[in-house]
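**Student:** Before anything else, here's the structure in question.
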Amino acid sequence: MEKSWMLWNFVERWLIALASWSWALCRISLLPLIVTFHLYGGIILLLLIFISIAGILYKFQDVLLYFPEQPSSSRLYVPMPTGIPHENIFIRTKDGIRLNLILIRYTGDNSPYSPTIIYFHGNAGNIGHRLPNALLMLVNLKVNLLLVDYRGYGKSEGEASEEGLYLDSEAVLDYVMTRPDLDKTKIFLFGRSLGGAVAIHLASENSHRISAIMVENTFLSIPHMASTLFSFFPMRYLPLWCYKNKFLSYRKISQCRMPSLFISGLSDQLIPPVMMKQLYELSPSRTKRLAIFPDGTHNDTWQCQGYFTALEQFIKEVVKSHSPEEMAKTSSNVTII
């Protein structure tokens, strides 16, 4: 009994000593923290606010970038072409996502040799909303059109993300390569707004399979757009890891050496037209064209006079040459329409 009491007394004294030592250590540790906060409290508070805002932006970037449900019912109803032969296609990506595509074939003269345009749309709506534009391309350019709904858009499964959209574009190109009725030597990529970033990425990774790219009213990158849209906040100082979606087109364009057409609407109120000019200047292509439309807005540049003429001339120029890289002696060409 006495031994038990002595053991308990020893444990009790040891616990009291440990608690006393821990409290002393805490006081020593708290002192520099209190002094630091007293001297630099304002800076620490600003840093905490900055980190909080960055965290919120990271979490909600998808909400700010992707609008698959605008206009309403875009996820429920996808308009289809009427009176025109077309194929409503579903394919699978490498990660198992089911995508919806619409293929509209040109059926006129020399149709087996017609170029095929893979059409990547912007960040809202679905492929059905692009049919008026696509049908005019069909008539004026005499091409096949393959319209793509990204994951999370229209009848495609999944949720949109940067890496997801890249996987989608790769799956679409792989599918085109399996079609015996499409000329593999005349594959053009077209991308508007967000679709331009997708097209640039796909071209940068598949230069041997792509004949040319055409991008319209697209951006340098998401960080560049954030600095433009949120100019009241020092977004330019945020490191890249703060961005969930980056779409670094200004870097990837350096890998796009195929013929390139940059279409810029100078009345674009969403993406600064200067970004299109900068992408054009960054392009290493020996055959690059910049078509400028002073009255062109972000979504409606295709309605400007001379729009389809510019695309037609570019496509004919690419198709006419057996070696696209030797197509022109001049390094660039700017057209103001």
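Note: Cβ is positioned from N, Cα and C throughout, glycine not excepted.
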**Student:** So which of ASN299, ASN333 shows up as N-linked glycosylation site in Swiss-Prot?
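**Tutor:** Going through ASN299, ASN333 one by one, Swiss-Prot annotates ASN299 as N-linked glycosylation site.
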**Student:** State the three-class DSSP label for SER193 (active site, charge relay system), counting H, G and I as helix, E and B as strand, and everything else as coil.
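**Tutor:** Going by the DSSP assignment, SER193 (active site, charge relay system) belongs to neither helix nor strand, so it counts as coil.
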**Student:** Quick check: of the recorded positions listed here (SER193, HIS298, ASN299), which one has the Cα closest to that of ASP268 (active site, charge relay system)?
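**Tutor:** When the Cα distances are compared, HIS298 comes out closest.
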**Student:** Do any residues at least six apart in sequence from HIS298 (active site, charge relay system), in the same chain, have a Cβ closer than 8 Å to its Cβ, and if so which, in order?
**Tutor:** SER193, ASN217, GLY265, ASP268, GLN269, LEU270, ILE271
**Student:** What is the Cβ neighbour count of SER193 (active site, charge relay system) at a 10 Å cut-off, with all protein chains included?
**Tutor:** 22
**Student:** Within 10 Å of the Cβ of ASN299 (N-linked glycosylation site), how many other Cβ atoms can be counted across all chains shown?
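**Tutor:** For ASN299 (N-linked glycosylation site), the 10 Å Cβ neighbour count is 20.
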